[in-house]
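Okay, so here's the structure we're looking at.
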Amino acid sequence: MLTTVRRAVFGQARRGLAQANSLSSLQRLLSTLAVLEQNNGKLNTGSLSAITAAKKLGGPIHAFVAGGNIKSVADEAAKVDGVEKIIAVDNSAYDRGLPENYAPLLVENIKKGGYTHVIAGHTAFGKNLLPRVAALLDTQQISDITSIENENTFVRPIYAGNAIATVESSDSIKVITIRGTAFPAAEVAGGSASVEAGVDPKAESATEWVSEDLATSDRPDLATASRVVSGGRGLKSKEQFDKVMLPLADALGAAVGASRAAVDDGYADNSLQVGQTGKVVAPQLYMAVGISGAIQHLAGMKDSKVIAAINKDADAPIFQVADVGLVGDLFEKVPELTEKLKSA
Amino acid sequence: MSALRILVPVKRVIDYAVKPRVNKAQTGVETNVKHSMNPFDELSVEESVRIREKKSAPGGVEDICVISAGPPKAQDTLRTAMAMGADRAIHVETKEGEDLEPLSVAKLLKSVVEQQKSNLVILGKQSIDDDANQTGQMLAGLLGWPQATQASKVMFEKEGDAVTVTREVDGGSETVRAKLPMVITTDLRLNEPRYASLPNIMKAKKKPLEKKKLEDFGITAERRLKIVKVTEPPPRQGGGKVDDVDGLVSKLKELGAL
């Protein structure tokens, strides 16, 4: 008897609550969750692009971080201007960003926060994770956007950047990955967000992280460098690639990139590949050396501010997009250029 | 270890070497051009066939089924996959110009996986037309299966159901291990797809190709993302050539790049 009454009362209360909820969701303004990346207890500042994109949407911005001993990462993220709250989940199970447990974790926190937009970078982490999150939320993700027209409408390159699509989403939660080069990373300054512990569903990951093999380099990071020098098949071997390209990169303070041909032939590491299937860069200066300029390569660099090309083939397609081109033997021209830059 | 029943989704796309042109109505790109199998899907087919040929999976490969959702011409793509070594094909026919979004494809594939009792799905990491890079991850999420995306190496343990996959990530590679059933998406470095030989192309014509409709799987072609317009990217004009290194340096200074 008591139980029945209780159930009825609670039922009513619950219905009232549900009503209030649906009402508030009608009036609810958009709010965004920016998913930040961390690596070994360090905030990946490149992932702060998600906050820049969130600012363009308007509305309150919360940022999400997860991992073991997450406090210092959360505190650093809290200094980013424009962020209201940092949702932090302290659990080393999320250190490696394995989507099998990270996706349910995000889904729980998205539901709890009632976000209308979820944004992460179109990085290896974002690409691996967000589509799984979107599927769990039954929403069609919008990948690799380069611009935001309004809260429902986004611009994204398709066909390796040979066409630009404007798409309008009808989903109630927009799950978005952004092209980092189109949204500069937000600065870690001026903010004072509160840090709050997020919900942790403690889902198991069926996948186990075994190891990683990261290319170490003192040069700037390819994806965010302001100058990039990139070598192609014209370099002919790994030895010559290193001998010609690395001093040029050092003279310019540039990151090193490579075409797919150069990577396939083993001149450079896979992670240095620029193009549709590699990284997309948009530095102040992109210098293409011994690269013909296939459409798949152009997809990764044609938004660079200034493009320079050195190639012995005067008809190479790269010259059609280069702001300045030099026809000549790269083994002669590049060392000469490196010397002149050094003495300048 | 259970015998592998591999499902390989393939997509017919505009050939990678063709430069796509936006149509006059700004609704999409001109499609009256050469089409081929999505390059990343060729890698998926190749990998499946190699797993069988190299006997790398302890339980062996029982079945390699390729599937494509697309217009009638998608059958050519399926025949190509069978000529490369797939056993059979399922064609889910859609109308010309009726493109499924990744979420719909993932839902379709989930039904197919259940029906076909697949325990390994190998997909390309992205299709080179809409560049979404979503379907494999979405499928894994819907099935609740582990996923290994952007695979450059797939290795089976000598016993049991564990699979070790090396993945391409930013800055290098990472290795993860999971147990079947699972979803893998391919990166370019995984293998080098074979060319189908003429005798194999002839044989592929006799392999079974089952025709299905979207309704058979309870899927509709409705879109969550409306394409408002498709435009050409802003053109980039070459700035001409210089004669020597000095010219290059001074031009770069003039452009503010140095």
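Glycine is treated like the rest: Cβ placed from N, Cα and C.
Under the heading FAD binding site, TrEMBL lists A:R233, A:259-260, A:273-277, A:290-297, A:N311. In this structure, A:I291 (FAD binding site) belongs to neither helix nor strand by DSSP; it is coil. Other C-beta atoms found within 10 angstroms of the C-beta of A:I291 (FAD binding site) number 31, with every protein chain shown included.
The feature domain 'Electron transfer flavoprotein alpha/beta-subunit N-terminal' is assigned by TrEMBL to A:32-213.
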Tell me the Cβ neighbour count for A:A294 (FAD binding site), meaning other Cβ atoms within 10 Å of its Cβ, over all protein chains shown. 20
Residues among the binding-site residues A:R233, A:Q276, A:I291, A:H297 lying close to chain B by Cβ (under 8 Å) are A:Q276
Listed binding-site residues (A:Q273, A:Q276), ranked by Cβ neighbours within 10 Å, top entry: A:Q273
Which entry in the list of binding-site residues, A:R233, A:H297, has its Cβ near the fewest other Cβ atoms, using 10 Å as the limit? A:R233
Averaged over the domain 'Electron transfer flavoprotein alpha/beta-subunit N-terminal' (A:32-213), what pLDDT does the prediction give? 97
Reduced DSSP assignment, A:Q276 (FAD binding site): coil
